[in-house]
Amino acid sequence: MSPWMILPVSLPVFIITGIWVVYAMALYNQHVCPVNNWVYNESCVEPLPLQRGPVLCCTLDNIPLISKCGTLPPESCFFSLICSTGSFMVMLIGLLRYAHVIEKHQNCILNTAGLSAGWLCAAGLIMVGNFQVDFAKVLHYVGAGVAFPSSMLFVCLQSALTYRLAKTQEEYWIGHIRVGMALLALIALVLSGVFFCQESYALQHASAIFEWIYCSIIMFFYGTFAFEFGGMSGNTLMVLSKGGAMQSFSTSDHKTEVGGAGHHQPESLSIL
């Protein structure tokens, strides 16, 4: 087993644990309402942060969306740290996955597109984490508009790439698992987006829940790369510097050998 497999496993552990800690902090500071709350009001007599009673008065400003949990300090500081660190890990996993595919198989359009989608997701995640929705709404939504579709595209491309490269029954089972996760993520993303645009309090709260589900599925999807990373060697990164050339060199060498063999045969025949 390669120690590289720790990286894709640590990503979902770090991100999922981190955002739940941020949610717990926001809930403790009464910046958001609990996920099990389905009762919302048009307005409150007192602002939510000033209430200390057993029952909270929740409005649309307190729906526990992930980004809403990380809007106000002190939880906003931790949210930015989690998103920035997670973005770096996403970029690194995407790069290693790209290099591993080239090393073990060959480069292809799916592999390059998967790397691009993963890095776009990382860029959007940085914007989401560092531009809070209440203070930089446009930039926050731009980041979310990049992160959510690109992460969905990433899991779809990687699922297709897994099937394309599969040779053993175990690899096909990994492909089945990834396709199932991609379908669940797509359903959660569509429902979250549709419900978010509605005026109903209950539907917007449901949107927040589906957002949590979607992000968790995406993180668990990254965790499945531990299967490939378990067979990764320290030479994988070297492929990045010569990976594209390796394929062309091997092809040209093969042609040279074939051509040389073709020219050598008549010479031997002439001697005979």
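Including glycine, each Cβ sits where the backbone N, Cα and C put it.
For reference, TrEMBL has these:
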DOMAIN    3-230  domain 'CWH43-like N-terminal'
TRANSMEM  7-28  transmembrane segment
TRANSMEM  78-96  transmembrane segment
TRANSMEM  108-129  transmembrane segment
TRANSMEM  141-163  transmembrane segment
TRANSMEM  175-196  transmembrane segment
TRANSMEM  208-227  transmembrane segment
REGION    251-272  region 'Disordered'
>> With Cβ-Cβ distances below 8 Å as the criterion, list the same-chain residues six or more beyond the ends of the transmembrane segment (108-129) that contact it, or say none.
In response: 67, 70, 79-84, 86-88, 90-91, 93-95, 97-98, 101-102, 139-140, 142-148, 150-151, 153-154, 157-158, 160-161, 164
> If you average pLDDT over the domain 'CWH43-like N-terminal' (3-230), what do you get?
Replying inline: 92
> By Cβ distance under 8 Å, which residues at least 6 away from the ends of the transmembrane segment (208-227) in the same chain are close to it?
Replying inline: 5-6, 8-9, 11-12, 15-16, 19, 35, 63-66, 68, 90, 93, 97, 148, 151, 155, 158, 174, 177-178, 181-182, 184-185, 188-189, 191-192, 195
